[in-house]
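TrEMBL annotations:
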type	residues	note
COMPBIAS	30-44	compositional bias 'Low complexity'
COMPBIAS	418-432	compositional bias 'Low complexity'
REGION	14-51	region 'Disordered'
REGION	406-439	region 'Disordered'
REPEAT	236-276	repeat 'WD'
REPEAT	281-322	repeat 'WD'
REPEAT	327-357	repeat 'WD'
REPEAT	624-664	repeat 'WD'
REPEAT	669-710	repeat 'WD'
REPEAT	715-745	repeat 'WD'
Amino acid sequence: MKVGSCLPTCLTSDDSAVPFPRSPSHSDNRGSTTSSSNSSSDTSYGGLHTNPSLQTLPSVPSLQYLFPETLGSSVSHVTVTSIKPRPEHPITCIAVQGNLLYAASINEVNVYDRQTSALLDVFNSQGSSSGSVKSITFCDGKIFTAHQDCKIRVWQLTMAKKYNFLTALPTVNDRLRRFILPKNYVNERRHVKRLWIEHADAVTGLAVNKCLIYSVSWDKTLKIWRASDMRCLQSIKAHNDAINAVTVSGDATVYTGSADRRIRVWAKSTGEKQYSLMATLEKHKSAVNALALNADGSVLFSGACDRSILVWEREDSSNYMAVTGALRGHGKAILCLTNVSDLLMSGSTDQTVRIWQRGVEGKYWCLAVLEGHLKPVKSLTAVKDEEESDVGSWLPTCLTSDDSAIPFPRSPSHSDNRGSTTSSSNSSSDTSYGGLHTNPSLQTLPSVPSLQYLFPETLGSSVSHVTVTSIKPRPEHPITCIAVQGNLLYAASINEVNVYDRQTSALLDVFNSQGSSSGSVKSITFCDGKIFTAHQDCKIRVWQLTMAKKYNFLTALPTVNDRLRRFILPKNYVNERRHVKRLWIEHADAVTGLAVNKCLIYSVSWDKTLKIWRASDMRCLQSIKAHNDAINAVTVSGDATVYTGSADRRIRVWAKSTGEKQYSLMATLEKHKSAVNALALNADGSVLFSGACDRSILVWEREDSSNYMAVTGALRGHGKAILCLTNVSDLLMSGSTDQTVRIWQRGVEGKYWCLAVLEGHLKPVKSLTAVKDEEESDVIWISSGSLDGEIRTWKVWLSKHSSPSSSTTNILKWTLGIN
């Protein structure tokens, strides 16, 4: 679908009003993580949150999710089968008619028996270059397919069970009737005209009501066709940008959704033969991609790139519909919607399908999250089972790009399950507990297994948290990094560093680069009684706390003395670019990370180098061309082994060989499929965690006493890129572009449990620190810095229990089917 110029926007000033979640003291909580505050509540049940605070729609309230005992329903599902018509081709759309499933893959349509998944026939556009099939519908005993090449093709099933091509719309007869009269032409562009019955761009959607077919296109028009003679009856310039979706109600009211962010309502006025505009619905903040109506046409659902599904209800008998709320939960754009009975199904770029059910008073419950696809879910169909009334739906789904599988989730027979949503097939299993899934099938790492999440009774832990404080040094400036030393919290906002008392949040001092244009601070570390800050302007600055509790600037690395020692000899210069040289001790691009081991400081940069500095005299001891692309992260173990992570997708291990004074390459770790952004080590340096843009955290364990580390699995759950990691005790904390912080704990046999998801930030979480409480052994203080300009400090309780029946843990159980 096209989104035109309507892209999801950055956060606005309205977003600063998001409430801070607070968690009560130790008690039995319904969800795995709960939080509340005086001003608002944010309750999670099975990982489905009542107030995800979608930034793009501050004026539209979320429709409160119900708990199962209120709704009176529960759900489970199983993947019955998975089909890949052509593994190298994406599935562009699917449709169901009776016992047949139609699946479009590029320009051909595959027909399957819905019960057995047997391939019955394949038909395409007679070898023509028709482009991909965008939509499939059925009318008057014929099959209509919408194509990328601006045409609608018509097919019919013969007595021999084969599909014959009948014609393309507009038909030749319809063209011949109109081509003579000039009034039948419209301007397409300068000096180019076309018949008004022709679409000028890809046909993106089809809808049917009785004998009429409605088509929409990226050419911004809605066209109405009569199925009996296949004539075009009307063409409407419906929107100001590409139209992505169309649906029609039983009373022939038509709804169109566009990249111009609007939904328009079309109907025939009393006594009129032509459709005209009845209403324009405006609430979405980005392109509208999908529309669906309930059975009687009184409720309209719209999905958009702003990640929300808006619910519109008809006011009395008029065609105007008012928005009543938003369904939120998907982490990325909504691409498709379908409705059956009282259930709504939504597919998203976040690769999941969600099933929603309407309860009392217009409130909704997300019954299940179906996972398993490796790329965006592009199309959905749902059909009630004719024999089993409690089987909610057969739900074929399809995806774009190279994930061309069509799984069929179906509810199994009744039994008791431990997880909130379970699914199984011959090839894989997907078990969820509290919304944390054991096999989200991260598409970029098919060869790395997910580390199985444990249930609390196996792990022996539960968690609750409270947001103790929220600080905004300069609301208009992002927080680029934070660091903790003792009782002090250092937070960098653009080119200045704010120093806070960690207990009281009082601002103690602010220091910056003496007014120089140093760019943002990328990293902060401490060594030999000094503070080192890494900057965008390629320098490392050194600061010292005076007796008067003020921070003085000492020098910048490389120091003037170090430069003077080397500037004479030609061997100390390296080529930066043609006719430009620089000293090898200088970074040539932003310094992105700092790490410390004893008396040595390690810096990495976008210039692809790793440099080692001695803290005592601040001299550069070594510079290594470490990677083939920008280096984003560095960490060092207790035995001075250095790990660097780069945009070249590699992690490299550096150490001194026996008897050597210089660092050399020990190993290259390659498993990530996109840029590595963050690294962290456990306490003894035996386990390395790496976070990347592929949304995975890989776990690497050292083999014997060597420096080589083997990947043992992946932690998955974040919906977007991992930006930062930190480790304390047996806990790992991760921050992501999805605006959340996750807390992971290692259990038995190398298995992990996601203890909590901390929410509240409005932009990506860029930096994390974690400190054990000195007085309370089960308390950890976590600080998170975000691009929204806010620093949040969380007090997290980690409680232990001795048995599964302990009141600190609540295991979610679901009955099967939809009751």
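Placed from the backbone N, Cα and C atoms, the Cβ positions cover glycine too.
For the repeat 'WD' (669-710), the model's pLDDT averages out at 89.
Beyond the ends of the repeat 'WD' (624-664), by six or more residues, the same chain brings 589, 592-598, 600, 602-612, 670, 672-681, 684-685, 688, 690, 692, 700, 707-709 to within a C-beta distance below 8 angstroms of the stretch. Counting residues 6+ beyond its ends, the repeat 'WD' (669-710) has Cβ neighbours under 8 Å at 442, 444-445, 447-448, 451, 629, 632-639, 641, 643-653, 655, 716, 718-727, 729-730, 732, 734, 736, 744, 750, 752 in the same chain. Beyond the ends of the repeat 'WD' (715-745), by six or more residues, the same chain brings 331-332, 350, 436-437, 440, 442, 450-451, 459, 461, 463, 674, 677-683, 689-699, 752-759, 761-772, 780, 782, 784, 786, 794, 796, 798 to within a C-beta distance below 8 angstroms of the stretch. Helix, strand and coil counts under DSSP for the repeat 'WD' (669-710) come to 0 helix, 23 strand, 19 coil. Across the repeat 'WD' (715-745), the DSSP tally of helix, strand and coil residues reads 0 helix, 20 strand, 11 coil. Across the repeat 'WD' (624-664), DSSP classifies residues as 0 helix, 22 strand, 19 coil. Residue counts for the repeat 'WD' (236-276) by DSSP state, with H, G and I taken as helix and E and B as strand, are 0 helix, 22 strand, 19 coil.
When the repeat 'WD' (327-357) is classified with DSSP, helix, strand and coil residues number 0 helix, 20 strand, 11 coil.
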